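The next block holds one structure in the form of structure tokens; read it before the comments.
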Amino acid sequence: MSKLKYFFPDSQDFIDPSFDFVRETRNEHRVRQRDDHYPHEVFPHPYDGMLVSKAVVDGLGGGESKYTRAQRLRYFRNGMKHFFRLPDNMQTMGDCGAFTYVNQDVPPYRVEEVIEFYETSRFNYGVSLDHIIFGYEKPGESFSGEVLAECRRRQDITLTLAQDFLVKSQKSCFTPFGVAHGWNKKSYRQSVEALLAMGYKNITMGGMVPLKTAQILETLEEIKPLLKSDTQVHLLGIARPESFADFIRLGVTSIDSTTPLQQAFKDRKNNYHTPEGRAYTAVRVPQFDANPSLSRKIKSGVIDQDVARHLEKDAMHALFEYDNNALSLEKTLEAVLAYERLHSGEKEAEKIRADYERTLGDRPWRKCECNICRSIGINVIIFRGAERNRRRGFHNIQVLYNRLQYTLSLRSEDKS
């Protein structure tokens, strides 16, 4: 792997190309996943590869998988690249999805099961079986007692499993990565030292998702002297575009994160990302008959169904008219906020007014050249249903990757 690559983690997020944004219907013969599109089928190059977790495909022990039985059979029969229809130039990585079993006493898998999953998937890279450590020491803080004992227990489990994984995967098709865990920069360093002593040439830094950027950077600074020129370092679950240059400087060679996708529909305000690092709030127009909160209010008689249907229709019509330059910003905002007051209340509507006005006034979708924004226009900033929300997430993924490429281009110019 060359510096710095972005892997997109699979979380069963895809879009239906048959979806009609006016009628809000789809092809009745559509087969989920098989007929849908991943980001790499929408954009020429939104990432360098994909990461798949065993926990997502297989579930936890006897637990529920995110894949249907038919999907799992297809996945294992054809391998990951064929299942995801990945182009030849994209790489593949597998991990265990340790955050899904963080509350268990020990990981729910055996090393042999993990290796079998990686080989059947035909990954390029495989991450050793690990166990998340809770917490990271704050400045002036020092873990002790049972908390420290549990941190050390989980670190020991991870390192023992890493040793076993390295030995048993020697003849496998994938390149092994050993996972480092810690509760401060020193303990992370100890993990990395142990992994390198075992013979690992590639390191993944695990458990960093909850950490502040400063904590991540101080840890990377701590381990940098240990890294050789050919040591590969992967940050599990981390993107942080504002720190791309620092990551590269500190020896990181690859990252993975679903944050750009998740923020499209889980963040309160930062839903639509731009290359400059600014973010916009998507305009919420929930389907009155498909939104659980709204449905409850209608069923309980708090909201009149006919009024809800009328205001929802008015809001959507106003947004489409605005995108066609047939309605003013003021009248569009008025229609949107009328529905907002109904489903979120007067107080919330007033709080969100300025954000909506900024989104609609700036029209960021018109300035974007990505395939999503060009094809669906204002729909990309409407917070409504999975098809719109995921497309906004796909846009965010492409923005992240473009920001990464821009950072890399600046470094190339500096070196020349």
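Positions of Cβ are set from backbone N, Cα and C atoms, glycine also.
Record features (Swiss-Prot):
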ACT_SITE  Asp95  active site, proton acceptor
ACT_SITE  Asp256  active site, nucleophile
BINDING   Cys368, Cys370, Cys373, His395  Zn(2+) binding site
Cys373 (Zn(2+) binding site), DSSP three-state class -> helix
So if I measure Cβ to Cβ from His395 (Zn(2+) binding site) and keep only same-chain residues at least 6 apart in sequence, which ones fall under 8 Å? Ala264, Tyr272, His273, Cys368, Cys370, Ile372, Cys373, Val380
Cβ atoms near Asp95 (active site, proton acceptor) (within 10 Å, other residues, all chains): 30
Inter-residue C-alpha distance, the residue listed as 'active site, proton acceptor' and the residue listed as 'active site, nucleophile' (nearest angstrom): 11
Counting across all protein chains, other CB atoms within 10 angstroms of the CB of Cys373 (Zn(2+) binding site) number 22
Asp256 (active site, nucleophile), Cβ-centred 10 Å count of other Cβ atoms over all protein chains shown, is 24
Could you check what DSSP calls His395 (Zn(2+) binding site) once collapsed to helix, strand or coil? helix
Number of other Cβ atoms within 10 Å of the Cβ of Cys370 (Zn(2+) binding site) across all protein chains: 21
